[in-house]
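Here is what TrEMBL records for this protein:
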type    : residues                                 : note
BINDING : Gly13, Ser14, Gly15, Lys16, Ser17, Thr18 : ATP binding site
Amino acid sequence: MGSLKVALVGGIGSGKSTVLNMFSEAGCGTISLDAIGHEVLESQDVLQALAEAFGPQVVRADGSADRAEIAKAAFDAPEHTELLNAITHPPILAELDRRMTEELLSRDIVMVEVTSGEISKRALPWADALVAVSAPEDLRIARACSRGSQNEQDIRRRMAHQPTDEERESVADFVVYNDGGLDEARRQVDSVMSQLKRRCQAQRFA
């Protein structure tokens, strides 16, 4: 059987992590770019570069990253978002490549939860397929607010710098509509998994 690297995309509050866990239960190897990003943000080289770019307030007194301050600085203008990406993307992508290679030693499909940004296939050249997670905007905002780390204004500002659900769906191979209960989301995940497995089988006999 062949192997597939799949990107899972979705905006803030869409429920990507919940859907990612469902794919894991269905047999996918799973990787969270958010988790990799958190690790990268705590590296001294990256913290130093962020402090030089956005100011010392992005580093707490104990030397750890202040994610709220980083988000506030990075999402207040498109050029600041680009600067954040220029600093963090290279080490994130290097670690992603290492983990995907490791996962595919024992699995046929690895799914990567992609943090929001450009979601075209040109921007994700490693991805063999894209799965989008969508949900209504008011539901996404409510979910994000419930986490308690940011208020509605901050969340809307972040969303303004992200692709819309429509843009994500337009480039996705599959869409999971995460606006109902868990059982409905799981039904859609199972359907996508069946189709991904068929792609793997087709690769084997190509």
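From the backbone N, Cα and C atoms, a Cβ is placed for every residue, glycine too.
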Position of peak Cβ density within 10 Å, selected from the binding-site residues Ser14, Ser17, Thr18: Ser14
In the chain carrying Gly15 (ATP binding site), residues 6 or more apart in sequence that have Cβ under 8 angstroms from it: Val133, Ala135, Arg143, Asn178, Ala185
Sequence-distant neighbours of Lys16 (ATP binding site) in its chain (C-beta under 8 A, six or more apart): Leu8, Val9, Gly10, Glu113, Val133
DSSP-derived structure type at Thr18 (ATP binding site), helix or strand or else coil: helix
Residues close to ATP site centre defined by Gly13, Ser14, Gly15, Lys16, Ser17, Thr18, Cβ within 8 Å: Gly10, Val19, Val133, Ala135, Arg143, Asn178
